[in-house]
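**Q** Sharing a structure with you now.
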Amino acid sequence: MACFLAPAFLLVLQTYAAPPDLFQVGFGITLDPMDRYSGQPANISGDIPSSPPPGTIKRAPHSIIIGVRKGGTRALLEMLDIHPEVAVAATEVHFFDWDENYAKGFEWYRELMPYSYPHQITVEKTPGYFTSALAPERICAMNSSIKLLLILRDPSERVISDYTQVYFNRLENHKPVQAIENLLVRNGALNVRYKAIQRSLYDVHIRNWLRHFPLEQIHIVDGDALIRDPLPELQKVERFLNLPPRIVSSNFYFNQTKGFYCIRSDGRERCLHESKGRPHPAVNSTVLQQLRSYLKEHNRTFFRLVKRTFDWQ
């Protein structure tokens with residue numbers, strides 16, 4: 001769909017934005033040194049050079065992982081790190097969803113992108129974009145042809161995971177915590193205003209993105225499938241981004257202790273941060289059923305909008 005660009009912003013984009021033909025190339029990964037929500041350092045691939053490698057420049061992103069929070073964005077990013085034709089922003093930039101960052105201008109944003117070679121594509125990841133009212137229009141104004149990656153998981157499980165992250169963050173900061181049932185239920189009814197539930201209304205949020213981008217430019221990664229068997233989901237991402245197939249089954253091994261797949265590449269083995277995969281609290285079965293029943297109709301609407309279904313409870 002058409003995006004309307006302010007003249008000054010358009011001038012900047014003409015100078016710095018990645019040309020559309022580069023969307024057909026490939027993409028290499030670093031990681032968030034700090035997760036805004038968890039406050040934990042991420043794994044970073046390689047050392048940060050004191051000067052840019054010869055033949056590299058900073059480019060606007062060719063693809064953005066737009067969310068969803070607690071959907072598996074970190075796992076997706078680390079697994080894509082295996083691919084040699086990737087250059088990824090080192091932080092969750094929050095350029096398009098935070099007004100104070102957006103006001104700093106496109107040059108500020110571009111400076112936060114990594115140096116990349118001509119054969120690479122640049123990717124940034126900010127999970128908050130998916131639920132932002134302003135991000136779709138702003139990203140479209142930057143590049144209406146950009147390819148978007150959206151990783152989703154069962155929305156009821158995502159609610160519980162969201163609660164779990166906040167719960168442990170509050171404990172670590174010596175703040176009071178509440179049982180999940182006290183947040184999910186208010187006056188005997190499901191508390192649909194609870195932010196964790198709002199973030200799981202995938203149909204509400206995808207409608208906003210489809211006002212600005214055709215469905216063909218949004219690839220949905222099945223976060224539950226990625227956890228069970230990473231390779232098929234990553235191969236779909238490679239095809240969507242027109243990357244040559246470089247990720248193979250030997251890049252993954254199942255860690256029995258952690259209970260999920262870890263990564264093997266460039267002679268190194270690495271797993272997600274210890275904060276990932278934390279056990280979820282047991283939720284009262286009646287409350288859990290209320291949550292699932294409420295989300296069911298939203299899920300049906302979402303399936304209709306994206307023209308596919310998922311195995312969600």
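A Cβ is built for glycine as well, from the same backbone N, Cα and C atoms used for every other residue.
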**Q** Identify which of Cys140, Cys271 is listed by TrEMBL as the disulfide partner of Cys262.
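**A** Between Cys262 and one of Cys140, Cys271, TrEMBL records a disulfide, namely with Cys271.
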**Q** Going by Cα-Cα distance, pick out whichever of the recorded positions Lys70, Cys262, Cys271 is nearest to His280 (3'-phosphoadenylyl sulfate binding site).
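**A** Result for His280 (3'-phosphoadenylyl sulfate binding site): the nearest of the recorded positions is Lys70.
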**Q** Report, in whole Å, the straight Cα-to-Cα distance of Cys262 (disulfide bond) from Ser161 (3'-phosphoadenylyl sulfate binding site).
**A** 20
**Q** Counting every protein chain present, what is the number of Cβ atoms, excluding its own, within 10 Å of the Cβ of Cys262 (disulfide bond)?
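**A** So the number of other Cβ atoms within 10 Å of Cys262 (disulfide bond) is 18.
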**Q** Give me the Cα-Cα distance between Arg74 (3'-phosphoadenylyl sulfate binding site) and Cys271 (disulfide bond), rounded to a whole Å.
**A** 11
